[in-house]
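Down below is the structure, laid out as structure tokens.
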Ligand code: 5RP
């Protein structure tokens, strides 16, 4: 079974957590592509979605799912998204698709965060996947210097502008033993919009697509 099939399995399993008449927070990426497909099969049961990126908004609308503007919401029942890495405390690296800032807002306001992954995303220590950080362009040199100071190898994500008009720096070579303090530290640097560490707000449920079915991990 290839990875896409495992992502698809996890995505369809998330439908069990969707209650009729609700608005669903929807993430971004290849796993979420499958989730949007799955969600479209019950679109008449739900009220609509709040989207974490322009690309997911396009897909949702294409599937006939109404998309509401995130700016009008301070609370949501459920958020379904994937991750680039997730540890046993359900803390994540996200932002491989560059949608980390809106994803963080949705994660914060959602009562339940369901993380759908294939088995390769589960790790012991976060950091093998380069940590994405959205920064404003003016902070470029300063931010790179700060990442080198903490042992990181920062790389500018070429030909990529976020939905918010900013740039992304992917920080390699980090072994993140204390994700909460790293999240706070990077978020506090001037010019940083969002760090792709989802540690203080971790996931609530993980659905892992596996060859023989779904593994569910709850907090
Ligand atoms: C996008 C994300 C995605 O959840 C993450 O990159 C995983 O993507 P995929 O499902 O394509 O593996 O954080 O910003």
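Each residue's number is its place along the chain shown, starting with 1.
Quick reminder: no glycine exception, Cβ is built from N, Cα and C everywhere.
What TrEMBL says about a protein is an automatic prediction, not a curated fact.
According to TrEMBL:
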BINDING   28, 29, 30, 31, 81, 82, 83, 84, 94, 95, 96, 97, 121  substrate binding site
ACT_SITE  103  active site, proton acceptor
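Mapped onto this structure are the features recorded in TrEMBL.
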residue: 28; record: substrate binding site; Cβ contacts under 8 Å, 6 or more apart: 52, 53, 55, 56, 81, 97, 98, 99, 103
residue: 30; record: substrate binding site; Cβ contacts under 8 Å, 6 or more apart: 4, 7, 82
residue: 83; record: substrate binding site; Cβ contacts under 8 Å, 6 or more apart: 92, 93, 94, 115, 117, 121, 198, 203
residue: 96; record: substrate binding site; Cβ contacts under 8 Å, 6 or more apart: 29, 84, 129, 132
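Apart from 28, 29, 30, 31, 81, 82, 83, 84, 94, 95, 96, 97, 121, the substrate site neighbourhood in this chain, defined by C-beta within 8 angstroms of the site C-beta centre, holds 27, 32. Counting every protein chain shown, 30 other Cβ atoms lie within 10 Å of the Cβ of residue 81 (substrate binding site). For the residue listed as 'active site, proton acceptor', the Cβ neighbour count at a 10 Å cut-off comes to 30, with all displayed protein chains included. DSSP assigns residue 81 (substrate binding site) to a strand segment in the three-state reduction. When the neighbouring Cβ atoms lying within 10 Å are counted for each of the binding-site residues (94, 121), the highest count belongs to 94. Per the record's binding annotation for substrate, residues 28, 29, 30, 31, 81, 82, 83, 84, 94, 95, 96, 97, 121 show a top Cα-Cα distance of 15 Å.
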